[in-house]
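Here is the structure we will look at, set down as structure tokens.
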There are 2 protein chains.
Amino acid sequence: MNVSHASVHPVEEVPTTEGGVAVAEQQNVNVPMVVRMKDIQGMPGTVGGLALRVSQFVFGAAALSIIASTNDFSSVTAFCFLVAAAGLQTLWSISLAITDIYAILVRRSLQNYRLVCTFTIGDGVTSTLMFAAACASVGITVLIDNDLDNCSYNHCVQFETATGMAFICWFTTVPSFLLNFWSLASR
Amino acid sequence: MNVSHASVHPVEEVPTTEGGVAVAEQQNVNVPMVVRMKDIQGMPGTVGGLALRVSQFVFGAAALSIIASTNDFSSVTAFCFLVAAAGLQTLWSISLAITDIYAILVRRSLQNYRLVCTFTIGDGVTSTLMFAAACASVGITVLIDNDLDNCSYNHCVQFETATGMAFICWFTTVPSFLLNFWSLASR
């Protein structure tokens, strides 16, 4: 049983694994703090988690569409990397958002060990790629704008806006990763 | 008491907080798995942790000295940022390495809650800055080398070597951060 823990006795009294905590709460069973930690907002299957996923999708898609709307992004490797990373991030976030909506609608807990492990690794990889792409892009943008002062024949505004969106997207990915990692470690 | 946990009773029998685990081990008290997790290699106060800190210092210092040895790094903001981030990283790593050496020599545990919290935040900030600087630098390096093919009058070899060192430095910082965060969450 994946959610078993020395101090979590009430979970053993309910028949299913994944719905254990929700059923225990409905029955007003005194659930210890270790299990309560798993239900804090921002984790998978909560409204806060869904809000984070939707934000990630919106800002990732914004970064992707803004950078792709310029005709010369493909001449700079960092911007191509940003397109790829933002594409991967939006696909990952929309998948997890759909999973969260499903979990909220059918009141199912997503605190299964393998699921949380998958979410943690996925969030870690996508957020690292997104941050790397955003940093590489900001390096190029600052070079063009500040160091070379070359904005007259470059799409500086689009590049800077897309980079900003990528950073906001990363900021909303980090809480998802940290909360999942915390949930994994506190078992 | 900082290390108190619902399932950790033996720790309450010893008088000090920081030496609690060590004293419990000397007395052959049956310490549960939650406390054993805190002693795995790579965490502060262990030989593995010291090795990570020394690696971070060596690669951070290498990145710093290689990029600073070029005469035109200051014309690119990303390289200046790399110098600042590598400087901060080496200062942080050498401080923690000295702390680790002290802890190993006097056989003191560094698993105090506030200390681990400080190490986690410090590692998180320095590794994020180091990764950001490395990514920004690699963006510039790839732009100069691949996109513009401008290596004839730029120090491409030094820039690429410094960026590589910065990435290796980051790779050795991530385990420190993750182990500290894990240690914090598994209390």
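Cβ coordinates come from backbone N, Cα and C, glycine included.
Here TrEMBL flags A:43-171 as domain 'Casparian strip membrane protein'.
Residues or ranges marked as transmembrane segment in TrEMBL: A:50-70 (among others). Remote same-chain residues near the transmembrane segment (A:50-70) are listed as 42, 79, 82-83, 86-87, 89-90, 93-94, 96-97, 100-101, 104, 130, 137, 155, 158-159, 161-163, 165-166, 168-169, 172-173, 175-176 (criterion: CB distance under 8 Å, separation of at least six residues from the stretch ends).
Annotation source TrEMBL lists transmembrane segment at A:76-103 (among others).
Under the heading transmembrane segment, TrEMBL lists A:115-144 (among others). For the transmembrane segment (A:115-144), the list of distant contacts is 44, 60, 67, 76, 78-79, 81-82, 84-86, 88-89, 92-93, 96, 150-151, 154, 156, 159-160, 162-163, 166-167, 169-170, 173-174, 176-177, 180-181, 183-184: same-chain residues at least six beyond its ends, Cβ to Cβ under 8 Å.
What TrEMBL lists as transmembrane segment is A:164-185 (among others).
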Discussion item. I'd like the per-state residue tally for the domain 'Casparian strip membrane protein' (A:43-171) from DSSP, helix first, then strand, then coil.
Written reply: 108 helix, 1 strand, 20 coil
